[in-house]
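See structure below.
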Amino acid sequence: MACRGGCCCSAVRLNADNARFLLLAVLIVLYMLCGAAVFSAIELPTEREAKERWEERLENFTRRHNLSRAELRHFLREYEEASVAGIRVDDIRPRWDFTGAFYFVGTVVSTIGFGMTTPATVGGKIFLIFYGLIGCAGTILFFNLFLERLITVIAYIMKSCHERQLRRKGVLPHNGRWGSGTSEVDSLAGWKPSVYYVMLILCVASLIISCCASAMYTPIEGWSYFDSLYFCFVAFSTIGFGDLVSSQNIKYESQGLYRFGNFVFILMGVCCIYSLFNVISIVIKQSINWILKKLDCRCCHKCQRKLFRSRRNVVMPGNVRSRRNISIETDAVNESDTDGRRLSGEMISMKDFLASNKVSLAIMQKQLSETANGYQRQMSSNSKQNGFSGGVGALAIMNNRLAETSMDR
């Protein structure tokens, strides 16, 4: 009977996964179609005008120098091949000296990939495959650990500000501390920073870094301030088009200081934007859950309740969580499929209840909140067994699946 109940619960979880996955896929496709329509309407006329101007210049050049179109096009193709190897009309720094190679591997492990420098030899391409495999994985892990510590600092600062406001209102004594045992403090011990406040803080931090970096790029690289902001977003978000690339001229004033500042700004920007993307993904997940909840038929709820009503060893968490304000923890809790069912009032097995709470982003956020409260972090036996229990983003999803697998065994 226990096995049959577990299979039923796994089937319901699989259906929820599939519904969420399909809805997200549809929304992404619609988002891409809208983006393609907008960019096509904006950029296509400019592309056509540029092509007409180029054809006119090509025709005038061949007529003036008495060259055939075929010969000129052959010469231009050879130049395109040379540009792939790093040859440009203007003087630029060597692409594959040590500093240039270091800049290249930085774009590889950070997944930016500007494309202005690429390996041309077979050996370099083979080495890049293995080098990028390990480097990208390590850098993604670094970004996840950075996000944990960043949210720790944000939660601590917001906790201190919230505590100061409560002291001004007289809710807390001026010499009171969180966790001192009073009823007021105990009732506020579960306070968590709102995910929207965290997202706002990360947006402001990313904007400040981008503006400061743009102020550096504009006079040194000769770009406009808007182009500098555009480069910052493309680089910090690891999109890396390669149309604008910093630190490529052969000589700069205060070259060493500029390259160091360029490295620091890119590192800080990538970390902040990556953290912002993870927090935004939580909001998107909440929106998808809300849409699914609205689309879910009541008869399906009745059928599921009838199915679970005959099972033993079940837990009815209740609807208290749904009445709370959305916070970092409640948003992160919804990363778990079982917790998504908790919001809808469905019954879940103790097995799934433990599995969903073993490894997830919610555990990390709870630990961060305890750190902000001044509590000593207490790790459960399950979380001690997994050194990456505080994963974020894709790492959290992977750990959640591994936790469910281990619990099934």
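Every residue gets a Cβ built from N, Cα and C, even glycine.
According to TrEMBL, the protein has these features:
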type	residues	note
TRANSMEM	21-42	transmembrane segment
COILED	44-71	coiled coil
DOMAIN	88-150	domain 'Potassium channel'
TRANSMEM	101-122	transmembrane segment
TRANSMEM	128-158	transmembrane segment
TRANSMEM	195-217	transmembrane segment
DOMAIN	200-285	domain 'Potassium channel'
TRANSMEM	223-245	transmembrane segment
TRANSMEM	257-277	transmembrane segment
Tertiary contacts of the transmembrane segment (101-122) (same chain, 6+ residues out, Cβ under 8 Å):
84-86, 95, 128, 131-132, 135-136, 138-140, 235, 238-242, 245, 247-248, 263, 266, 270
Quick test of the contact rule: Cβ under 8 Å, at least six residues beyond the ends. What residues does that give for the transmembrane segment (195-217)?
150-151, 154, 158, 223, 225, 228-229, 231-233, 236, 246, 258, 261-262, 265-266, 268-269, 272-273, 275-276, 279-280, 282-283, 326-328, 331-332
Within the domain 'Potassium channel' (88-150), residues counted as helix, strand or coil by DSSP:
41 helix, 1 strand, 21 coil
